[in-house]
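A.B. asks: Below is the structure I would like to discuss, written out as structure tokens.
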Amino acid sequence: MGARASVLTGGKLDQWEAIYLRPGGKKKYRLKHLVWASRELERFACNPGLMDTANGCAQLINQLEPALKTGSEGLRSLXNTLAVLYCVHSNIPVHNTQEALDKIKEKQEQHKSEPKKPEAGTAAAADSSISRNYPLVQNAQGQMVHQPLTPRTLNAWVKVIEEKAFNPEIIPMFMALSEGATPSDLNSMLNTVGGHQAAMQMLKEVINEEAAEWDRTHPAPVGPLPPGQMRDPRGSDIAGTTSTLAEQVAWMTSNPPIPVGDIYRRWIVLGLNRIVRMYSPVSILEIKQGPKEPFRDYVDRFYKTLRAEQATQDVKNWMTETLLVQNANPDCKQILKALGPGATLEEMMTACQGVGGPAHKARVLAEAMAQAQTATSVFVQRGNFKGIRKTIKCFNCGKEGHLARNCKAPRRRGCWKCGQEGHQMKDCKNEGXQANFLGKGWSPFKGRPGNFPQTTTRREPTAPPLESYGSQEEKSTQGKEMQENQEKTETSLYPPLTSLRSLFGNDLSSQ
């Protein structure tokens, strides 16, 4: 089957490439969008050959439309592409995707308002009326017959379960594959799942609960039914356990119809949601962007978890607008807040595309260094020094206010530390400054040695002496008497030596 790049040719291709992707945007549709759409249809087990005609595009749109509300962005983009392609095939002039969607919506409303033609058996009436959803198709006689699911559809469903297990993306896949199916077809899809029997048992319990609720809200009529009237389906009939395929088709095609297939499919989706929540226990509140994680990967994880959340579409929209920005890393959060609350997802991803790369890291580092230098200069200018500033002094001339490298005086020879020539101060091996013979430090360039007497002129007090009173005279006389007594005692104990004869015998100096 492959990617169909030859869906449009000639003038239709020119018309296709003239349509804008968004209202007021600059990007237009290209041939690569057709190739992508055909591959996506193959992935959803749909026939890409239907893209060649307007009727085929309408069938694909009708099949994908029920899953658009809970589908991903890729599924919505596929439906938008098919809508534009339908307008090109039908020669409906449109300028962008939104106009194409509006045209299709208007056409569907007009078709619903038209009265049904009584001659349903003719070929013209069959072509003019919208065909029933697959697998209920209309034969040549105008009768609705059942066409079972193809093995290819069942194989696609089994592969999704094997590859994705019960990730959130299996729900829109199930919705796309089971569109218009009868309860018997849905049971065939469930029976093809070989593994995950615990999940299948949970699904059966949910179906039984919904069937019991149906029986409670739709009680059976009392008494026998009139001849020719069909009985109302019970919960087990909707689940396909107590009803035949003919009864299911009759209920779905009666007037008014009873969509037992859609009801049963809704029950299965409820059970799949519970299983997905069990297999994916991560809450949307726990999805946060890592410091080095690209914004694109973070958005993928966010929407994957959001799909498994059991909430209405309004709540999911609020989560997207609030949590997507709140749980981003600081770099992306700063960019997203600058965009404003009305930014689209495309604008967010474009703005945060380079975050985390080498260029962004270099820019952030440069800004941080510039801020640090600015803060340092402001700190110096304001003079926020708590301690006393140390005055700088030149080693060359000895003056204060500048350093030796900025000194304008002639450069002095020798070491600035010890005064000797032959080496510099950085290579000086002397422990201290040059010392004089008294061991005191002495600069050889100015000043004088420490052994010179340092005379300082001190001012003597010029105040008159204190007046003496009687008590002070008594104290002074007592002090003098005590001193004289002490001197007499020392003289009596240690008589003065008048010569050295008592110590050395004959005094040599006296001879």
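For all residues, glycine too, the Cβ spot is worked out from N, Cα and C.
Pasting the feature list from Swiss-Prot:
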{"type": "MOD_RES", "residues": "R389", "note": "asymmetric dimethylarginine"}
{"type": "MOD_RES", "residues": "R411", "note": "asymmetric dimethylarginine"}
{"type": "REGION", "residues": "7-31", "note": "region 'Interaction with Gp41'"}
{"type": "REGION", "residues": "8-43", "note": "region 'Interaction with host CALM1'"}
{"type": "REGION", "residues": "12-19", "note": "region 'Interaction with host AP3D1'"}
{"type": "REGION", "residues": "73-77", "note": "region 'Interaction with membrane phosphatidylinositol 4,5-bisphosphate'"}
{"type": "REGION", "residues": "105-128", "note": "region 'Disordered'"}
{"type": "REGION", "residues": "191-229", "note": "region 'Interaction with host PPIA/CYPA and NUP153'"}
{"type": "REGION", "residues": "219-227", "note": "region 'PPIA/CYPA-binding loop'"}
{"type": "REGION", "residues": "279-365", "note": "region 'Dimerization/Multimerization of capsid protein p24'"}
{"type": "REGION", "residues": "440-511", "note": "region 'Disordered'"}
{"type": "MOTIF", "residues": "16-22", "note": "motif 'Nuclear export signal'"}
{"type": "MOTIF", "residues": "493-503", "note": "motif 'LYPX(n)L motif'"}
{"type": "ZN_FING", "residues": "392-409", "note": "zinc finger"}
{"type": "ZN_FING", "residues": "413-430", "note": "zinc finger"}
A.B. asks: Taking the Cβ of R411 (asymmetric dimethylarginine) as the centre, count every other Cβ atom within 10 Å, in any protein chain shown.
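C.D. replies: For R411 (asymmetric dimethylarginine), the 10 Å Cβ neighbour count is 8.
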A.B. asks: Would you mind listing the long-range same-chain contacts of the region 'Interaction with host PPIA/CYPA and NUP153' (191-229), meaning Cβ under 8 Å and 6+ residues beyond its ends?
C.D. replies: 154, 157-158, 161-162, 165-166, 235-236, 238-239, 263-264, 267-268, 270-272, 274-275, 278-279
A.B. asks: Could you give me three numbers for the region 'Interaction with host CALM1' (8-43), the DSSP helix, strand and coil residue counts?
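C.D. replies: Summed by class, the stretch gives 20 helix, 2 strand, 14 coil.
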A.B. asks: What does DSSP give as the helix, strand and coil breakdown of the region 'Interaction with host PPIA/CYPA and NUP153' (191-229)?
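C.D. replies: The breakdown for the region 'Interaction with host PPIA/CYPA and NUP153' (191-229) reads 22 helix, 0 strand, 17 coil.
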